[in-house]
């Protein structure tokens with residue numbers, strides 16, 4: 001370009017509502033004020049999150065049962081976590097559940113978000129609301145409802161399928177089908193939330209990019225691959241991390257629908273934590289297992305963030 | 001100034017929280033005691049009546065009952081006790097007592113049992129055995145009843161079965177006769193009996209069958225489930241269920257209750273509440289002992305225990321013990337039994353005393369065959385889940401000897417825990 005091109009003005013963000021004001025008071029005074037505004041939240045977080053976490057960490061090195069008598073046992077609980085065959089099988093079950101739940105929920109949410117983002121879709125608002133409704137229902141209620149729906153004796157689903165000549169059998173008592181069944185209930189219950197997040201992400205993508213792509217001759221598939229998906233990678237990272245965390249914490253519907261059965265096939269890590277803590281009263285071991293799960297979740301989340309963060313950077 | 005006020009506020013709140021967590025001491029004044037229980041039906045009303053009588057006759061003690069579901073008692077007792085907010089007295093399924101006792105949640109009742117005034121001398125031996133953990137008594141039974149067969153008399157009549165079976169072979173024969181597959185599609189519309197293969201009522205069906213053939217699960221500190229007797233039992237019953245289709249498969253205890261109350265099974269193995277469930281559903285029923293096995297007539301018992309928690313001061317413990325002996329008095333024993341439908345807990349209550357309630361009378365007759373389930377076993381959770389896995393897989397047709405070997409190892413590991 002030429003040198004006489006008018007100089008580009010430096011970008012200045014618009015003034016916040018109420019106009020710009022000079023900060024008043026000394027820096028220390030401002031710090032105190034900020035702290036006071038934060039204090040209620042900090043106190044609640046401290047009392048109900050940080051303090052229990054510190055207590056649980058301490059308990060994980062003891063044989064605590066919750067009734068006062070507790071002895072320091074060092075790393076014994078952690079050694080058991082990594083050597084007990086029951087825990088290993090719970091980890092395998094949780095991994096299977098995560099593999100069944102996360103991709104299904106994320107792909108269903110993304111697919112429906114893409115479909116319902118299209119302005120040509122009739123009854124868009126109705127479908128958007130309808131898909132979000134299961135998320136509002138309590139997990140326990142959803143689990144009870146599904147237990148009845150698929151019950152082999154009185155279940156509606158079985159009744160309909162029988163009409164079509166299909167015998168579904170007792171799904172929740174079938175070692176091969178129980179896990180997919182409880183995972184599907186979670187997909188039904190949770191994907192509405194991921195769907196809304198994807199929808200918000202899709203609406204953030206400027207339509208000018210699609211126009212440019214169209215001018216360049218990109219078809220629908222190319223636009224999805226080269227415009228939509230790359231620009232959704234932040235949203236995707238968020239949804240994937242949330243879905244993975246939800247999967248690793250699977251408990252409610254399993255507790256209600258199968259209780260961990262048939263013979264341990266749906267026994268997840270959180271079910272083990274519950275059983276160790278509240279049935280066997282082994283709070284020390286339950287705390288250790290919780291910490292291992294926490295660290296595993298943290299690592300998985302970080303890996304996902306780094307992976308998708310890099311994709312975003314590559315694109316930029 | 002503001003910061004100081006906030007800090008003072010936080011301090012005061014914490015102090016209040018701390019004060020709320022501490023329990024009352026022995027000041028010689030009237031004692032108030034909370035009693036958690038899960039008796040929600042007619043039994044609950046009788047229990048309330050007994051508590052009211054106790055409160056009326058004791059000026060210095062007040063017992064407040066709190067009705068919760070049995071599950072919620074189990075789920076909240078630990079947190080309540082560790083926060084110092086637990087009940088003084090609690091009733092719970094007997095097989096849950098040992099784990100709380102072993103973890104130090106309950107007060108020892110050895111001195112109470114040694115006291116003649118405690119009314120514990122004539123307790124049904126099986127019921128008293130449920131309360132012992134490592135040689136020490138930690139509870140008092142509030143219920144002990146052997147599992148029994150509840151059968152649909154109308155279906156028996158329609159199927160031409162006139163006498164209730166007395167042996168296993170007769171039981172299977174009668175069940176076959178009562179199983180009806182009208183449309184011949186291989187799935188009977190009516191089953192002779194419903195035998196759940198997991199989560200059976202009070203976890204007692206399969207133990208009852210094991211005892212009947214001379215087998216057992218735990219002997220002291222040893223797992224004894226892997227025995228030829230138990231292998232025979234599992235083969236006999238899984239064959240009858242799978243091959244002869246006398247019972248549906250993959251059913252649990254709750255499913256069994258539903259099949260019986262829906263008139264789709266002629267017999268079920270259950271507890272006293274089946275009587276009222278049958279009445280509600282308009283089913284004519286009768287009660288009989290579980291038919292005798294080749295070795296003996298025995299049944300696992302459903303048990304409920306009451307325990308005094310460690311949260312209590314010595315005055316509160318004395319008050320709780322006063323109530324327990326009041327509850328076990330001969331008069332209240334009869335009242336409780338008639339109202340709750342469970343047989344008397346004392347051997348010296350004559351059968352005539354409870355004859356006016358036919359359910360109690362029939363159950364009292366078979367009370368002697370009752371055996372406590374896993375008395376004193378702390379980790380009953382793992383033992384019971386090993387039994388569930390064993391029976392579920394055996395009924396599904398897996399090799400019984402291999403399964404018994406696995407169950408033996410798992411149960412032994414749970415006992416050594």
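Even glycines carry a Cβ here, placed using N, Cα and C.
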In TrEMBL, which of the ranges A:95-117, A:256-278 has the transmembrane segment annotation?
A:95-117
Could you tell me which of the ranges A:153-176, A:177-200 is annotated in TrEMBL as transmembrane segment?
A:177-200
Choose the correct range: of A:13-33, A:34-54, which one does TrEMBL annotate as transmembrane segment? Give that range.
A:34-54
Residues of the parent chain within Cβ reach of the transmembrane segment (A:95-117), under 8 Å, 6 or more residues beyond its termini:
124, 127-128, 131, 179-180, 182-184, 186-187, 190-192, 194-195, 197-199, 201-203, 224, 228, 232, 236, 239-240, 243-244, 246-248, 250, 266, 268
Do any residues, 6 or more residues outside the transmembrane segment (A:177-200), come within under 8 Å Cβ-to-Cβ of it, and if so which ones?
93, 96-97, 100-101, 104-106, 108-110, 112-114, 116-117, 128, 131-135, 137, 139, 142-143, 146, 150, 169, 171, 232, 235, 238-239, 242-243, 246-247, 250, 253-254, 257-258, 261-262, 265-266
What else in the chain is close to the transmembrane segment (A:129-150), if you only count residues 6 or more beyond its ends and a Cβ gap under 8 Å?
112, 116, 156-158, 168, 171-172, 181, 185, 188-193, 195-196, 252-253, 255-257
Are there residues at least six beyond either end of the transmembrane segment (A:288-308) with Cβ under 8 Å to its Cβ atoms? List them, or say none.
56-57, 60-61, 77-78, 80-82, 87, 233-234, 236-237, 240-241, 244-245, 248, 269-270, 272-273, 276
